[in-house]
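Participant: I am attaching a structure below and will ask some questions about it afterwards.
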Amino acid sequence: MSFPQHRPRRLRTTPAMRRLTAEYRLDPAELVLPAFIREGLSEPNPITSMPGVVQHTTETLKRAASEAVELGVGGIMLFGIPAERDAAGSAGTDPNGVLNKAIADVRAEVGNDLVIMSDVCLDEFTDHGHCGVLDADGVVDNDTTLEIYGRMAVEQARAGAHVLGPSGMMDGQVAVIRQALDDAGFQDVSVIAYAAKYASAFYGPFREAVDSQLTGDRRTYQMDAANRREALLEVELDLEEGADMVMVKPAMSYLDILADVAAMSPVPVAAYQISGEYAMIEAAAANGWIDRRRAIEESVLGIKRAGANIILTYWAAELAAWLKESK
Ligand code: PBG
């Protein structure tokens, strides 16, 4: 191929020309806002390592949800932080547990105007901080954990979640949750599978966000950063088990994985721009080392360009407001 007369700069000459020829553009509807609610708070509690993100009270969570609706944001992903934790993570299956109550409160506030997603995982609820219950040797017990996930899922569906997000990386979790939902009459509640979730250092600030009790790491259940092909196996397994959407997580260090999954997935593909990715950009911007808004927009656009149809980002509301103002 040879185009001796071609000068690509012609299409970059004016903002209007660049806008016309842009291959990708962001839309608030594809963004999902992850949000934390902590039991027993009277005021929202700032998360130091995630400037601008808080642990919500019921009131401030409801406000954040209705603001998201006004901004045209596509969804919200809820995480709960209980007052009491135990080895089995009982607060997760308690219908009056912090997360289940928050789901009901948000659903009462926004109805069907926002897709309400919730985290089906035990790490916020266990006193040891692992995503499942432990066996006698202290190893996360896959199948005992699945049974608890099934019960958590039904309570979250009953509370009013539209989409459940099992993030624990137990084998078979999507199948068990699907079955539990169907048995309980929740055929229309969807599952977004954290299909390719890697054991990542970038989850660091999330530990503060949920007051995690974890010592050690999650390498026996989350994926190894060295593996690319294996992500496709994880996605295929989750699809076979009935996943309605699949996710790649983290996003920015895994854009190759995201592109691979986008190329083969017959269902919508999500990517989660996680706490550490947020923190890095906020920290550099706070130091004046990068332009905050441009770095945020560029990072999220990169995730979209790699193939994400849905992007979970702590900047969802702010980004949606920018997109609205530039319309
Ligand atoms: C597990 C879970 C984690 C995140 C979402 N769900 C933590 C982990 O796997 O260690 C991380 C999200 C983020 O870092 O923003 N329930």
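Each Cβ is built from the backbone N, Cα and C atoms, and glycine gets one as well.
TrEMBL entries are annotated by machine, without manual review.
OK, TrEMBL features for this one:
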- Lys197: active site, schiff-base intermediate with substrate (ACT_SITE)
- Lys249: active site, schiff-base intermediate with substrate (ACT_SITE)
- Arg207, Arg218: 5-aminolevulinate 1 binding site (BINDING)
- Glu234: Mg(2+) binding site (BINDING)
- Ser275, Tyr314: 5-aminolevulinate 2 binding site (BINDING)
Participant: Among Lys197, Glu234, Ser275, Tyr314, please name the recorded positions whose Cβ is nearer than 6 Å to ligand 1.
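Facilitator: Only Ser275 qualify.
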Participant: Translate the DSSP assignment of Arg207 (5-aminolevulinate 1 binding site) into the three-state scheme.
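Facilitator: SS state of Arg207 (5-aminolevulinate 1 binding site) = helix.
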Participant: Look up Ser275 (5-aminolevulinate 2 binding site) in the DSSP assignment and report helix, strand or coil.
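Facilitator: In three-state terms, Ser275 (5-aminolevulinate 2 binding site) counts as helix.
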Participant: Including all protein chains displayed, how many Cβ atoms other than that of Ser275 (5-aminolevulinate 2 binding site) lie within 10 Å of its Cβ?
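Facilitator: Result for Ser275 (5-aminolevulinate 2 binding site): 25 other Cβ atoms within 10 Å.
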Participant: Could you measure between Ser275 (5-aminolevulinate 2 binding site) and Lys249 (active site, schiff-base intermediate with substrate) for me? Cα positions, answer in whole angstrom.
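Facilitator: Counting only the Cα atoms, the answer is 11 Å.
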Participant: At the Cα level, what's the spacing in Å between the residue listed as 'Mg(2+) binding site' and Arg218 (5-aminolevulinate 1 binding site), rounded?
Facilitator: 17
Participant: Can you tell which of Arg218, Lys249 has the least company, meaning the fewest other C-beta atoms within 10 angstroms of its C-beta, among these recorded positions?
Facilitator: Arg218
